């Protein structure tokens, strides 16, 4: 009874009125622990002047005779959840706490009896320091207890453990830039209640609400410390989709921090060295991730320009004549791309301090054998995409992950929805750049490998990591179900009320919705970035054998005639499908046959008269596919202006064809590997190595219930 324990459960009133079993569970919990209190928001409708009027209240209850009994009720001026959910949930319940210290613990956390005995020592930290160094936030260590679920959970556990131990220790002293990164930190309650509370809850900008409490504390001359002699258990996400959603949410939050007044004021008031420390330990980490990925693109587009313009061959010939080895080496140079090795160094240091460096080295080698480099490279793409997109267009939002013990199979459709724009499209772009560089390069094989090996690794990682880390990702019966689901999702009609999970059309509209609310400057930047896709066509059409080395601008204009003809054919087939497919099937099929014969005849004539070769067809695909994608991205920006015109329908058909083609290309190698049962067995062993070492039968959990047809 020395402490008050308050659970802030804003949904309790709604659950109780709906007869939800969770409400009775909460009452049973209070009956079992008499000191426990629950705060919730009550919404009640009353009649005032013959008009219905909603009244909102914050209510604190306890258990009495296995029933809930009201202790306090505070009338609220209106609906309290107007900002982000979690900080608003804290803000409405903080009034029911008492005392000088306040510890906030999430529902995904645990505690240990032996650690609870240390609470008296921790509270003495508030009084044992000099008055000008009295801590306003006491940082505590966390113990991640979900690391043994799978290899992915182990990677997250090691990464999180290194951050909440050696990372925060260094941030607190000597850098003095530790903020509040979540719970279970202990707040000086009186300090924060009189200075804005422990949670900033403005919509969108305070998506990462925890760190703003630290910013607020430091800006108001508070002092934040870190104590490692006490720890609280914590469960982290254990499935790749959960982890990616969490990292997307954190990246979104960091982009909003970059634009916030708080980080601006901190940077203005810190001294130079503390400002740099603050930058590199907050928004700078995500900005550097974005710059790392952008650097790869700049390098590859530079190489594309060199090989397509002929500059590379000219420079190499000149270097060969003048015996200039340094120039050839410079052309083949590439900055070292972190492949997960550098990311793992803090983990090795922390494990070395706690377990000994021999055990740390063996754990690190085991992580590499479990393809940790693939996970961290994939994670780099997640951070860069969501940070960059939110900086440009805004639209940061909370992404619920559920924090479940995920050992079940995620469908191909779910993976495609989640990673299509953040990873798959970018990986295909890298592959196109690498293929063109390989076809037209003039350097020898050794330098070619030096230039491109890490980029190939990044592209393959971004394409196949979601399936590599997907339980039963190579099980044949799952692959068959996934293919059926994929085709059903692609063909379902979208529209108002149809969820993105049910239809490609609804997902496509939702995925590009952020462009509708983007400001003019962001739209202009988006269009300028899309112009890079037109470089392929401009450079490649002059390398076609059919052009006979003609460098006239007319060749480039003729290539646009081909693109316009393709769009016209799509429009023709689409109109015929809409008007004739239901009532005049024979005529519709005859039109499709004529269209097919016309295309084949065109290829035959070009082959006979203009010497069109198979290599020319491949180069045309490499030229026109990126151009089509660039046009799709630009018309998405211009959608509010053109979506009501006739041109919009063929655009949507082409977009559907692009997504279906990308999905099929991704699915084919996975299906081929699924034919070999040994691949599925190896994948399961790599993912759940610790479970096998404890002789746990993991297969029944992965397979789950087979879908009935």
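One-based numbering along the chain as shown.
Including glycine, each Cβ sits where the backbone N, Cα and C put it.
The feature domain 'Glycosyl transferase 48' is assigned by TrEMBL to 1-614.
Feature annotation from TrEMBL assigns transmembrane segment to 272-291 (among others).
Positions annotated as transmembrane segment by TrEMBL: 329-349 (among others).
Within its own chain, the transmembrane segment (361-381) has Cβ neighbours under 8 Å at 151-152, 154-155, 158, 240, 243-244, 247, 289, 292-293, 338-341, 343-344, 347-348, 351-352, 355, 422-423, 426, 457-458, 461-462, 465-466, 468-469, 686-687, 689, counting only residues six or more beyond its boundaries. Residues or ranges marked as transmembrane segment by TrEMBL: 361-381 (among others).
Under the heading transmembrane segment, TrEMBL lists 424-441 (among others).
Look at TrEMBL and you will find 447-469 (among others) tagged as transmembrane segment.
Annotated transmembrane segment per TrEMBL: 553-574 (among others), in sequence order.
TrEMBL lists 586-606 (among others) with the feature transmembrane segment. Distant neighbours of the transmembrane segment (586-606): 546, 569, 572-573, 576-577, 580, 612; these residues of the same chain sit at least 6 beyond its ends, with a Cβ under 8 Å from one of its Cβ atoms.
Residues annotated as transmembrane segment in TrEMBL: 612-635 (among others). Beyond the ends of the transmembrane segment (612-635), by six or more residues, the same chain brings 425, 429, 432, 435-436, 439, 526-527, 530-534, 536-537, 540-541, 543-546, 559, 562-563, 566, 603, 606, 642, 651, 654-655, 658 to within a C-beta distance below 8 angstroms of the stretch.
If you look up TrEMBL, you'll see 666-688 (among others) marked as transmembrane segment.
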Long-range Cβ neighbours of the transmembrane segment (553-574) (under 8 Å; 6 or more residues past either end): 537-538, 541-542, 547, 591-592, 595, 599, 620, 623-624, 627-628, 631, 646-647, 649-650, 653-654
PLDDT averaged over every residue in the domain 'Glycosyl transferase 48' (1-614): 86
